[in-house]
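A short worksheet on the structure shown next.
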Amino acid sequence: MSDSQSSSSSSSSSSYDSASMGLPPLNVVENHRGTDSSHTFSQALTPMGSRHWRDVVWMLIFLAHLIVIGLALVVFGLNRFRKKDRLNIDRYTVGLLENMDGLTEDFWPLYAVAGGVGIFLGWTWLLWFGSHANQVMKFSVHLLATYLAVISVLCFWGKQLLWGFTFGIAAAFQFLYVISVIDRLPFTMLVLQRAVKMVWDLPEVIRAACIFMLVMLFWLALWSFGVAGIVALSIGDGRHWWLLVVLSVSLFWTGAVLCNVVHVIVSGMVFLVLTHGGREVSSVPPKPLINSLQCAVTTSFGSICYGSLFTAAIRTLRWEIRGLRSKIGNNECLLCCVDFLFHLVEFLVRCFNKFAYVQIAVYGKSFNHSAKDAWELFQSTGVEALVAYDCSGAVLWMGTLLGGLIAGTCAGVWTRIKCPNRVVMVGSTAMLMGMILVGLVTVVVESAVTSIYLCYAQDPLLIYRWDAAFFVQMSEKLHQRLQHRSARTREVLSHRIDDQIQETVGV
């Protein structure tokens, strides 16, 4: 283990020496394959007929789930639309739901507010980030913990003890995580700035995000119509929350699928631009956006549906464990427990990671195959140390969560005025709507970040041709991280050897 890391560190030294002079690293030139990489990658991007359908079972499951959920939403929404028990289904819900006198249109406008706030916050965030990245990042990171704490206090004040404790614990975790990664934020800001620069140079990906946001709005209109009917049907007792939980999980999966479709489209475009050295060069194949879109919604759609179920949860757990692990210190017992969880999550990351979507966009592989290949590429080149150090995904997630909380708060305040006993029910579901809408914007930047890292691992000269100054900064940081890992490995090994010597002398 130490040998491999020391070899990685030594190879990185040559990268650092040449990078400090503003030149491509020596090992990059030595390892550069004799073929034209842009030609190879474009061949992977363009042929639609040669691609095979991947993870078809998951695509069928997702489409079947959409049909079933869609029919249920229509039924629940129409049953209380302008007339109580229009479809005469209340007799089937006796004993399951408490039938009330509310109507669907009493609560549907509340979700419209959440949708409007989510769209406004998403595009305002992207526009503001393009010109004031540093301020936006600080705003998202530091305001989130404060906002969660304020909501926790309001929940306790409203005698919602469970939600008060939930938001309070979330605020504490957010505060501890920010403290643990505060030294990584300057590099994270650098990466995000370059990703936003790339996105703004590709206006077609912004238009693609707008199209999918309209698709998501259509589904949210139907989803909120059905949920409004359910809210009007039940008073919100704990026995009735199971129905909203099922619909919320369905919405989360649907929103994740649409976000990751955008991820695949943007990744394909960014990878194409980087491999060809520009958007306007003659070697770029015709209609690249259409080709990426066609692959994302046909042959690769099953892989996107499959990965969308698990990737977000595993990534969030990994961020928290990494932040906790870096601040434990010398507590051997706690370190042992956290290391067990860390290695378990790292194993899951090999099968479920966001970089798989770039491989899906470029090569059309299955999701697990893409995730495994991407992770092995990062580990074999040492770039995994840089990926682990970067917090851009967590920062973007904080912005998404903050946008959802604000949207949920706006809907909750109106609900408090109009119908006080439905505040938590409407506020929590409206928060999920806001998060999905903001996430459809932030995923554009995140997909650019993942493409940049994968290109750097595949062929660092691609980044050098695109932005030489950024390449130098990445190479310097990679050198520092590899040296840090090598030093940490030597320290751990020396402690173990000392312990073994002491045990032997004692015996």
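Cβ atoms here come from the backbone N, Cα and C positions, even for glycine.
The region 'Disordered' annotation in TrEMBL covers 1-20. The transmembrane segment feature in TrEMBL is assigned to 56-78, 108-129, 141-159, 165-187, 208-235, 241-274, 295-314, 394-414.
A Cβ distance under 8 Å defines the sequence-distant neighbours of the transmembrane segment (394-414), meaning residues of its chain 6+ beyond its ends; these are 110-111, 113-115, 117-118, 121-122, 125, 136-137, 140-141, 143-144, 147-148, 151, 174, 177, 181, 185, 188, 192, 315-316, 319, 423-424, 426-428, 430-439, 442-443, 445-446. Proximity of distant same-chain residues to the transmembrane segment (56-78), defined by a Cβ-Cβ separation under 8 Å and at least 6 residues beyond the stretch ends, is recorded for 86-87, 89, 104, 222-223, 225-230, 233, 247, 250, 253-254, 257, 301-303, 305-306. Simply put, out of 108-129, 141-159, 165-187, 241-274, 295-314, 241-274 has the most Cβ pairs sitting under 8 Å from the transmembrane segment (208-235). The transmembrane segment (141-159) shares the most Cβ pairs under 8 Å with 165-187, out of the stretches 165-187, 241-274, 295-314.
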